Amino acid sequence: MSAARPQFSIDDAFELTLEDAGPEPESSGVARFGPLHFERRARFEVADEDKQSRLRYQNLENDEDGAQASPEPDGGVSTRDSGHMSVRSSQWSFSTISSSTQRSYNACCSWTQHPLIQKNRRVVLASFLLLLLGLVLILVGVGLEVAPSPGVSSAIFFVPGILLLVPGVYHVIFIYCAVKGRRGFQFFYLPYFEK
């Protein structure tokens, strides 16, 4: 009943045949759909590409001094250190761990060097001030609950503390995530930030 029809896959939806392409198809018979071109690749090509990207990442981890690295058949990485070859495994040495710790410490505080943070220093400081004042007022309220004082209610400190803490936490977290480039966080959404 049914002739041997080729199976349709999602990749076929992105390819234009000669009759779909219009008056000027490309010479290969498959027209490009705008700037994107989808083509099928064999599984071994994808696996080979994945292996190369892992080796590139491994080389970035292992080569702190910028030496050239090439993959070795046994899975290690060889580097050229002033003329002689040495093979290192992918395990980190103590010096690599300490230098990566130093880099992570610098990366932790590097968000303060962002140009928009420097330009809007007052807004950032006000956000931290809201956070700290809110924490202090809440802690004073907790202290009054633990050791009550006659004539002073802890609610006087809790309510303003929460009212200051919530926007302070929101702005500090939002600014930090925007500097780090997290998806959905942009300085454009903070009305007091000058762009």
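Even glycines carry a Cβ here, placed using N, Cα and C.
Record features, source Swiss-Prot:
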- 14-23: compositional bias 'Acidic residues' (COMPBIAS)
- SER93: phosphoserine (MOD_RES)
- 14-33: region 'Disordered' (REGION)
- 48-84: region 'Disordered' (REGION)
- 1-122: topological domain 'Cytoplasmic' (TOPO_DOM)
- 144-154: topological domain 'Extracellular' (TOPO_DOM)
- 176-195: topological domain 'Cytoplasmic' (TOPO_DOM)
- 123-143: transmembrane segment (TRANSMEM)
- 155-175: transmembrane segment (TRANSMEM)
Residues from the same chain, set at least six apart from the ends of the transmembrane segment (123-143), whose C-beta lies under 8 A from its own: 117, 154-158, 160-169, 171-172, 175, 190, 192-193
Secondary structure tally of the topological domain 'Extracellular' (144-154) (DSSP, helix then strand then coil): 3 helix, 0 strand, 8 coil
